[in-house]
Amino acid sequence: MQVNFDETCDSVIRMNANEQTRSANGIGNGNGESIPGIPDDLRCKRSDGKQWRCTAMSMADKTVCEKHYIQAKKRAANSAFRANQKKAKRRSSLGETDTYSEGKMDDFELPVTSIDHYNNGLASASKSNGRLEKRHNKSLMRYSPETPMMRSFSPRVAVDLNDDLGRDVVMFEEGYRSYRTPPSVAVMDPTRNRSHQSTSPMEYSAASTDVSAESLGEICHQCQRKDRERIISCLKCNQRAFCHNCLSARYSEISLEEVEKVCPACRGLCDCKSCLRSDNTIKVRIREIPVLDKLQYLYRLLSAVLPVIKQIHLEQCMEVELEKRLREVEIDLVRARLKADEQMCCNVCRIPVVDYYRHCPNCSYDLCLRCCQDLREESSVTISGTNQNVQDRKGAPKLKLNFSYKFPEWEANGDGSIPCPPKEYGGCGSHSLNLARIFKMNWVAKLVKNAEEIVSGCKLSDLLNPDMCDSRFCKFAEREESGDNYVYSPSLETIKTDGVAKFEQQWAEGRLVTVKMVLDDSSCSRWDPETIWRDIDELSDEKLREHDPFLKAINCLDGLEVDVRLGEFTRAYKDGKNQETGLPLLWKLKDWPSPSASEEFIFYQRPEFIRSFPFLEYIHPRLGLLNVAAKLPHYSLQNDSGPKIYVSCGTYQEISAGDSLTGIHYNMRDMVYLLVHTSEETTFERVRKTKPVPEEPDQKMSENESLLSPEQKLRDGELHDLSLGEASMEKNEPELALTVNPENLTENGDNMESSCTSSCAGGAQWDVFRRQDVPKLSGYLQRTFQKPDNIQTDFVSRPLYEGLFLNEHHKRQLRDEFGVEPWTFEQHRGEAIFIPAGCPFQITNLQSNIQVALDFLCPESVGESARLAEEIRCLPNDHEAKLQILEIGKISLYAASSAIKEVQKLVLDPKFGAELGFEDSNLTKAVSHNLDEATKRPQQNSCT
């Protein structure tokens with residue numbers, strides 16, 4: 001049983017009422033003393049293990065009385081504080097488990113977790129990278145990526161879980177306790193109950209070990225001092241208090257009377273470290289979004305994920321119908337018993353299973369539904385009475401695995417059942433695989449039904465097409481007869497007035513967006529490699545600290561991996577020259593900082609950094625209302641999901657052997673890259689002197705030439721100059737610079753904001769391709785970088801996933817022969833680049849720079865992400881793209897569940913009725929009617 005916060009509060013309230021009633025009637029005092037007449041099964045089970053046992057009545061739904069329950073929680077909190085006091089700064093998981101959406105912990109959507117996970121006495125907390133050691137069930141194939149797990153449980157306090165009291169305490173904490181926030185920085189949500197917060201095991205004052213000191217109004221929330229003369233407590237949250245000195249110095253515009261009603265923290269104005277690390281400001285900002293806007297966000301999200309969950313439901317229905325026909329009886333599908341940090345993958349394609357799958361009870365071989373469909377098609381098996389083509393998307397060719405090549409002896413049975421593969425293929429050869437499931441039987445069907453009811457009852461107005469002559473749009477391409485040469489490029493200040501409407505419209509059409517002046521020069525100065533290393537080093541264990549450590553780096557001149565000292569790399573980052581040869585040292589750090597260290601550094605040392613990002617509704621990893629990927633519960637494994645820091649050396653001087661570059665990336669996630677630091681602190685004129693790029697014959701590469709990465713080609717001297725040179729600049733007129741028509745500038749004289757040029761030197765050059773150009777681009781790469789015929793692969797190979805790089809000759813050839821031209825522009829310090837999912841891009845580092853990247857998933861990108869998931873499924877199993885695949889099916893299910901409950905909460909809540917009715921009465925009426933219909937209508941079986 002998992003007890004959540006609300007149920008616990010209700011139990012405490014009921015218990016207090018019962019205790020008062022018993023005291024009034026003379027039954028007992030509730031303090032563990034004599035209470036005669038209580039049945040043994042209702043008594044508190046607290047004892048000394050010998051003779052004594054507490055005689056008080058146990059709490060409702062608990063095995064102990066209120067006194068011993070609170071004592072146990074305080075003991076666990078103090079134990080957790082002592083155990084983690086020295087290591088709190090090293091926790092890589094920051095933030096709170098609670099999000100704005102309360103729909104992420106459905107009782108019917110949780111995976112089945114066996115209590116055997118805890119029944120070994122003490123919860124084993126292995127200190128491998130600060131993560132709880134995963135125990136794998138041999139009967140299930142688990143997904144074990146090479147990258148560190150980003151979502152996982154933190155090590156728990158050692159509690160004897162065979163004891164009823166210990167089990168109650170641990171399961172109580174599992175229901176609400178943060179898995180990301182270290183004890184030293186956690187701040188509870190102000191909307192939570194005060195009595196519950198006062199004994200929270202995750203909250204304590206920095207000035208005292210008393211976890212409830214601040215909630216009692218003894219300590220100033222801002223300065224953490226309790227020796228102030230006047231401290232004003234907040235009546236809204238009953239938790240925080242501010243001293244008069246801090247209020248007059250930081251919040252002088254708020255009167256003391258207003259502070260007493262609503263404190264700065266509840267207003268989202270507090271800038272202390274605790275509030276920044278707990279995203280309190282962002283929570284308040286999201287909470288204050290108008291209800292109608294929230295509903296529109298949720299409808300957009302539901303409309304985007306509905307096709308995906310309907311596809312999942314249709315595939316499940318087909319398999320259920322087949323299973324009923326094979327068994328000729330009503331079926332009750334076996335549900336897999338997965339632990340919270342486990343993931344089941346298909347034995348063939350290695351893709352995580354969403355819900356239904358086929359399982360061998362003898363050898364535990366697992367097969368996803370898509371592989372079942374591919375095997376039946378390869379075996380030419382026709383299943384009568386079912387819709388076999390539900391997986392086909394209109395207008396898109398179906399991608400499937402080549403089973404006949406990889407498993408020539410494995411075929412589907414004539415009745416449509418799937419036999420277990422022979423032993424040489426990893427199976428046991430049994431006659432049939434049984435249908436099994438992970439979630440509850442009707443969960444997906446209910447989601448589809450409710451989502452359709454809501455979406456069909458609402459219609460959002462179409463966005464107006466923006467004026468491309470607006471000064472906020474910059475010309476990044478010279479395509480003929482094309483309306484998307486201009487890119488939306490506002491400044492951060494402009495976004496505050498424009499809102500997200502224009503961004504939404506651009507994103508829906510798959511166009512990139514750039515945002516200028518996200519960070520100022522003073523903020524960027526704190527992002528140099530030495531400062532990053534110093535801050536990360538402060539979070540590491542003293543025993544593991546190293547003054548000048550070795551780092552892994554890629555030498556862009558030859559593509560080889562080298563070990564360099566931090567000091568040596570820092571010198572190369574600043575001046576970039578080899579003192580012996582005089583050539584630039586073009587190094588890119590590899591996996592430094594690590595994903596976990598990057599997340600820890602950004603959320604702990606730079607808590608204000610995320611808050612400075614634009615479009616937080618889209619990109620925030622936990623609180624973004626429009627970030628579909630943020631709807632996953634915290635216990636789900638999702639790889640490669642944290643912020644990443646990329647440190648590279650670059651130079652404006654062109655090198656004949658190569659350049660500092662990043663090959664073509666083709667992501668199923670939306671990405672944002674923020675250039676936080678460059679080695680050039682002064683403005684200078686860009687001069688790049690290069691030899692003319694020699695003309696290359698227009699012909700295919702030799703059939704014996706393999707598909708090499710740019711680094712490998714550099715090693716063999718096969719790749720020509722990879723950056724813009726004088727010859728190419730003269731030929732490609734006009735230059736693709738950031739320019740706008742002066743006539744379109746705003747009349748207020750704000751030319752600095754509206755101009756697309758920048759006085760500082762560009763740190764990186766970007767080439768971003770449109771989604772509609774992907775087929776032509778893929779064809780060109782397949783023709784130019786062709787694999788030899790003697791190399792065969794088990795699955796489909798896509799050149800866009802191979803990290804190739806297009807130099808100026810390739811881009812010119814691509815434009816002349818295929819009519820494909822990317823958006824080409826320079827990124828300046830403090831500028832953010834938003835790349836939609838499915839838009840290939842490549843980067844050339846024009847000088848040493850540091851990029852911070854965040855991934856997210858907008859509703860407008862869900863369809864493209866689902867399409868790319870099908871492509872990635874057909875890649876070889878050891879391909880990097882497959883190891884980092886986004887579980888778009890599972891994400892869509894959880895997002896739909898979360899959105900449905902949020903809509904119900906907003907629409908049916910009486911306090912929002914007036915606001916919704918005043919804004920749009922028809923919208924409110926339609927949604928309420930559809931929700932009532934969905935609630936009253938009896939839920940049918942998922943596939944009948």
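A Cβ is built for glycine as well, from the same backbone N, Cα and C atoms used for every other residue.
As the structure is a computational prediction, the values presented were derived from the model and not from experiment.
Among the ranges 77-103, 374-400, 725-751, 806-832, the one that Swiss-Prot lists as region 'Disordered' is 77-103. Neighbours of the Zn(2+) 1 site: apart from Cys220, Cys223, Cys243, Cys246, residues of the same chain with C-beta atoms within 8 angstroms of the site's C-beta centroid are His221, Gln222, Gln224, Arg225, Arg228, Ile231, Phe242, His244, Asn245, Leu247. Long-range neighbours of Cys223 (Zn(2+) 1 binding site) (same chain, six or more residues apart, CB within less than 8 Å of its CB): Cys243, Asn245, Cys246. Taking the Cα atom of each, Cys266 (Zn(2+) 2 binding site) and Cys220 (Zn(2+) 1 binding site) are about 15 angstrom apart. Residues 385, 415-417, 432, 434-435 of the same chain, all 6+ positions outside the motif 'Nuclear localization signal 2' (323-330), place their C-beta atoms under 8 angstroms from a C-beta of that stretch. Annotated pair Cys234 (Zn(2+) 2 binding site) and Cys220 (Zn(2+) 1 binding site), C-alpha to C-alpha distance, rounded: 11 Å. Cys237 (Zn(2+) 2 binding site) sits 14 Å from Cys220 (Zn(2+) 1 binding site), taking the C-alpha atoms as the reference points. Secondary structure at Cys246 (Zn(2+) 1 binding site), taken from DSSP and collapsed to helix, strand or coil, is helix. Per DSSP, the domain 'WRC' (38-83) is made up of 21 helix, 4 strand, 21 coil.
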